[in-house]
Ligand SMILES: [Zn+2]
């Protein structure tokens, strides 16, 4: 089954086509551009390009997988709205996967792992995975020091992700070089069971983790002296 | 006519998620979801709240529009979307959605100018627009006077507000009078029982010295302050505020300036058609005053019905339909959302062939 994977939760704007079969998930085509300011421009041409590279038409897609974040809101929405609208037209199910799982899950091999992405404003989005790749904490948004403390409590021995590189000093853990950003093949693997079973699709609800910046307007200032 | 293009329009530049479907100049569907109530307690639109609401609303709103029109997306010839100007994050949801629909259904996509769409929507009500025409676009986000030479390829900005938008002035004055947000409808309602000549509020940029540099520009900030001063003085004196009179006098001042400048633009350019659009065009006094004064100038005023004046998807579809009919090239898939899209750009050009 041909499946489209999109993730726009980090500066890496990603589209991939994967083949989900009974015995595995294989990458057919992949585009990724790291540019935190151009998610809206980049993603659709990438989707177009992976389809063209695989010689496929949109109607050949059996499902769509999208990284739900957490991630900076504006960019994150691009991936989710792209997946949701394409799923609507094609009548195929859409499945969401926590984007941090696409960073932490592949690294977990016996020891707990801290997966970290940049949340801007000197904060990080993070989650902790056990040795089998199961998420045991998060996703959360907090100062890197808070993530470091929780990771220590959960006996994480390694950190991974773009945010881990950025805040390596504060986290105090060895940093795995890759994946730096959510791995689309991994996101597809995490949804593969649902895809194979033809499970009903889900509404793609972003993991914002933060409330909108909305300040109730204060009482009106008088204009008379 | 069945051979006219079937066009879908998507609008998300502010707090309304709109999906409209037109065939030629015929409106088939105009589905709308609004987050206005979520913004009311903030007294203005909160961009992130609007963006979140667009993401939630786009798929169901599209479903409603397709059902209403009795078509499927496979029947559509092209998709038009507001790519600017507007709130950056809100625009981006609509642009990404349009591209998702275009990709999946293998249709062309046109990134269009929101203000030009406000002009184009009138074609759904009154048929093709005679060109050139003058357009007055007034809402909570914009107050512009345009010369529409060619709605498919370019419009010429004549003037705009130098401070608050006209709709913003309505919102602020409504708040001052204890009326709900958005302020346009309640002020219109209150004004009906008031005397428009009760208080002589200032008409911004109409004095001879201002006209030299700002012949077609607007200013509503001074008016807003004048209303606030007048109301406060009453309150301090312990006297009741005559809400209906204040509303009527304020509304009269706004409509006076708007219609005088719009009709002066018609006269100076020898133009006989004035189109009024945007949320403030739903104001009953503006419509009446424009029609009454236009007669003197031999100008025909075209104002679409109120539901088409406020932001909606039908206006975007109407402009898309006009572009397709004029043979304009679609935009490319890397179409950006442009919060400051200039008025001179009607649609974002695609590859030049
Ligand atoms: Zn508007």
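Glycine residues also receive a Cβ, built from the backbone N, Cα and C atoms like all the rest.
In TrEMBL, annotation is done automatically, which means it is predicted and not curated.
Copied over from TrEMBL, here are the features:
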- B:114, B:118, B:311: Fe cation binding site (BINDING)
- B:137, B:138, B:139, B:140, B:141, B:171, B:184, B:188, B:283: substrate binding site (BINDING)
- B:27-317: domain 'Gcp-like' (DOMAIN)
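Structure with TrEMBL features highlighted.
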| residue | record | DSSP (3 states) |
| --- | --- | --- |
| B:114 | Fe cation binding site | helix |
| B:137 | substrate binding site | strand |
| B:184 | substrate binding site | helix |
| B:283 | substrate binding site | coil |
| B:311 | Fe cation binding site | coil |
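Across the fold, the C-alpha of residue B:141 (substrate binding site) and the C-alpha of residue B:114 (Fe cation binding site) stand 11 Å from each other. With respect to Cβ neighbours within 10 Å, the binding-site residues B:114, B:118 differ, and B:114 shows the lowest count. The binding-site residues near residue B:118 (Fe cation binding site), taking a 10 angstroms Cα-Cα threshold over the set B:137, B:184, B:283, are B:137.
Checking the binding-site residues B:139, B:283, B:311 for a CB within less than 6 Å of any atom of ligand 1 leaves B:139, B:311, listed in sequence order. The shortest Cα-Cα distance from residue B:311 (Fe cation binding site) to any of the binding-site residues (B:137, B:139, B:184, B:283) is found for B:139. Across the residues annotated as binding substrate (B:137, B:138, B:139, B:140, B:141, B:171, B:184, B:188, B:283), the widest Cα-Cα separation comes to 18 Å. Cα spacing between residue B:283 (substrate binding site) and residue B:114 (Fe cation binding site): 20 Å, rounded to the nearest whole number.
When the Cα atoms are compared, residue B:184 (substrate binding site) and residue B:114 (Fe cation binding site) turn out to be 20 Å apart. Shown in sequence order, B:118, B:165, B:166, B:167, B:278, B:279, B:280, B:310, B:311 are the residues of the chain, 6+ apart in sequence, with a C-beta less than 8 angstroms from the C-beta of residue B:139 (substrate binding site).
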